[in-house]
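Encoded as structure tokens, here's the structure I'll be asking about.
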Amino acid sequence: MSEQKTSGSGSAAAARLQIEAEYKDKGPQWHRFYKEICETCDREAKEKQFSTSESERHTNRGLNRYRDVNPYDHSRIVLKRGSVDYINANLVQLERAERQYILTQGPLVDTVGHFWLMVWEQKSRAVLMLNKLMEKKQIKCHLYWPNEMGADKALKLPHVKLTVELVRLETYQNFVRRWFKLTDLETQQSREVMQFHYTTWPDFGIPSSPNAFLKFLQQVRDSGCLSRDVGPAVVHCSAGIGRSGTFCLVDCCLVLIDKYGECNVSKVLCELRSYRMGLIQTADQLDFSYQAIIEGIKKLHDPTFLDAEEPLISNDTETHTLDELPPPLPPRVQSLNLPLAPNSGGILSLNMRAAQANGAESIGKELSKDALNNFINQHDMIHDAEVADSRPLPPLPVRAFNDSDSDEDYLLDDDDEDDTDEDEEYETINEHDADPVNGHVPATTQPHADDVNANNEKPAVPVDEQHKANGIDPIPGQLPASPENELKRRKRNEYQASLEQKVNDMKRKQRENEDKQLAAKKRRSLLTYIAAGVVVGVICAYAYTKLG
């Protein structure tokens, strides 16, 4: 389709009618339409011989969150500082829309330093986060920013020579906006970096309405972080292709409609996919993209919509509850690598064997640290559930998670079996990546062949060495479990005990109700017998008087 420069609301209205017609026409066969787009993009990638060899290198596999989501070599971001130049990220561009983004995965515990180094080197002005840290009780992204304001609370990344300080925070109904001071320790230069954290993308699905998403897009645009005169904005979810691709597709198409009065949505998607594989993971995400584009043509030119201010909920120091954070990683990481004895595979092997001995399925070797952490914690949850009281009441809660249907909890998502998630597609492609508890784990990387012995046991590697190799230096003399993590553990145990007490109270009340019902039944039976006796007595007395 040709795209000649036009102007005026009439062209935008015509574009809206054209996209609406295509949307309605493809509606009955939407999944086939999505599949055809994917096949076209895959065919073009093969014809152009797009490779992913860097992501498959022996030394880089452990830096990928998902095994099936690898950056193309021709568009990957190359880190300049340090011994590691690889990060799972691509520069995605659409020249005629004057848009460029960096699409990347949610940082792992060992890639936080790489992530911020990329932000610094690429001169990015903003980070757009479209997921929660945990969803469906699975870690989707490591917490990569400081929790509290102040220089003394800054995140220190000495190996990549950067510090990250939280300087401002604003919480809105549908997103959180954070301002960071990113400082280069080599030059002592500092730069302000904004983070737009979209917090109400529903559990494993798509937003019910594009309005909140469009308001978020407007706020991002108004900040100027998408302009060509600044570095590309960093966009991520968990895999960096589903929700991230949705954001980029909607933004690019709306820009093209403003500039040219027309847009071929499927063509734009294929162009974006030529920079990073798999953008828009599901047919539902493509469906939502069309809805957002159609609605955005109208809303982003409506003064009422544009002038409406997003309600500010708070601008206080950020605090997280136990439910909002993943299980503390440092104690787990230490336990995974401390050897039990010479030539031993360490506590990880012991935990894995114990889990398998108790009936849990074995898990594949292609696991990231987050996935391993999920596996061990979930096995602990199973064990706790097995010892719960067997009465026909709800079992003891095994984890302090929020089970409401609200999307407002922006760091922890709840469980929804009926929806499909952008990352679920990649977690369930390979059967040997299945989670032994919930049926899926965000499986990612294969350990190196020379790191696994004949018993499939991974030799111990000091945590300090792991962090130094991946952009994070540990604090000298730091204990495996910090006071903060110990406090979290105690609070979690106290909360667990409180929940257990509540369930026991429920059981006690049920027993009391059962006893009351039984007593009432006995009373009713006794009254029935007494009434029957009285009736019989009256009849006998009446008969006696008549006969007498």
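Glycine residues also receive a Cβ, built from the backbone N, Cα and C atoms like all the rest.
A quick note: this is a predicted structure, and the numbers were derived from the prediction, not measured.
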Quick one: sort out which of 15-18, 163-166, 167-170, 339-342 is the motif 'PXXP motif (SH3-binding) 2' according to Swiss-Prot.
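In Swiss-Prot, residues 339-342 carry the label motif 'PXXP motif (SH3-binding) 2'.
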For which of Tyr34, Tyr86, Tyr172 does Swiss-Prot record the feature phosphotyrosine?
Tyr86
If Swiss-Prot marks one of Ser83, Ser266, Ser349 as phosphoserine, which residue does it mark?
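Annotated as phosphoserine in Swiss-Prot: Ser83.
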For the record in Swiss-Prot, which of the ranges 219-222, 299-302, 323-326, 327-330 is the motif 'PXXP motif (SH3-binding) 1' one?
327-330
In the structure shown, which of the recorded positions Ser83, Gln281 has the fewest Cβ neighbours within 10 Å?
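Per-residue Cβ counts within 10 Å for the recorded positions Ser83, Gln281 bottom out at Ser83.
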Would you please pick out, from the binding-site residues Gly240, Gly242, the one with the fewest other Cβ atoms within 10 Å of its Cβ?
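Looking at the binding-site residues Gly240, Gly242, the Cβ with the fewest others within 10 Å is that of Gly242.
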Between Tyr86 (phosphotyrosine) and Gly240 (substrate binding site), find the distance joining the two CA atoms and give it rounded to the nearest Å.
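Per the Cα atoms, Tyr86 (phosphotyrosine) and Gly240 (substrate binding site) stand 16 Å apart.
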Return the single residue from the recorded positions list (Tyr86, Ser238) that has the minimum number of other CB atoms within 10 Å.
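Sparsest of the recorded positions Tyr86, Ser238 by Cβ contacts within 10 Å: Tyr86.
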Measuring Cα to Cα, how many Å separate Gln281 (substrate binding site) from Ser83 (phosphoserine)?
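That separation, Cα to Cα, works out to 33 Å.
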Please work out the mean pLDDT for the residues of the motif 'PXXP motif (SH3-binding) 1' (327-330).
46
In whole Å, how far does the CA atom of Ser83 (phosphoserine) lie from that of Gly240 (substrate binding site)?
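Here the two Cα atoms are 24 Å apart.
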